[in-house]
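TrEMBL has this to say about the protein:
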| type | residues | note |
| --- | --- | --- |
| TRANSMEM | 6-22 | transmembrane segment |
| TRANSMEM | 29-50 | transmembrane segment |
| TRANSMEM | 56-76 | transmembrane segment |
| TRANSMEM | 97-119 | transmembrane segment |
| TRANSMEM | 139-163 | transmembrane segment |
| TRANSMEM | 184-204 | transmembrane segment |
């Protein structure tokens with residue numbers, strides 16, 4: 001309960017700070033949309049998780065809320081520096097340590113998500129579970145390498161930058177509108193996958209009951 005409460009408090013504080021830092025003017029409609037929609041998604045994940053037929057608690061949606069708030073923050077920080085809605089002082093240090101730290105955290109999240117998804121391929125199987133044999137491998141070779149290859153390509157694009165055809169300042173990591181939208185879409189897809197993992201068992205259970 002303490003971890004879940006802390007997660008929701010951090011989510012709320014993060015969203016409030018993003019409103020303060022990245023919506024200095026009413027004309028910053030895109031940032032307002034990004035932040036508000038992130039808040040709606042946190043509420044949606046919590047509501048689905050607390051539904052009586054799901055009953056998954058509040059810890060996992062709280063942790064997912066932290067992740068999508070982090071993705072939203074990274075996406076907004078990836079907007080070009082010339083935008084009026086991004087407050088970046090000209091006297092800031094040459095090395096943007098905040099961007100570097102967020103980049104390292106993003107890499108760790110990608111590695112953990114890729115490894116766990118590659119191992120547990122059963123969460124994406126759309127068929128009835130079979131009884132595993134004694135000599136079965138706990139993961140599928142093809143799916144495992146496909147997920148790791150996808151994660152490696154995404155990792156490479158984070159290093160190179162989604163806007164490598166445009167010139168960027170030194171120590172400016174992954175800045176541009178392409179990077180912004182990639183991270184926003186990543187946030188939305190993460191929520192869709194999480195919601196699917198919550199409601200999928202209920203859907204398959206209803207189908208099995210109907211077929212019998």
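A Cβ is built for glycine as well, from the same backbone N, Cα and C atoms used for every other residue.
Counting Cβ pairs closer than 8 Å to the transmembrane segment (56-76), the top stretch among 6-22, 29-50, 184-204 is 29-50.
Within its own chain, the transmembrane segment (29-50) has Cβ neighbours under 8 Å at 11, 15, 18-19, 22-23, 56-58, 60-62, 64-65, 68-69, 72, 75-76, 79, 85, 184, 187-188, 191, 194-195, 198-199, counting only residues six or more beyond its boundaries.
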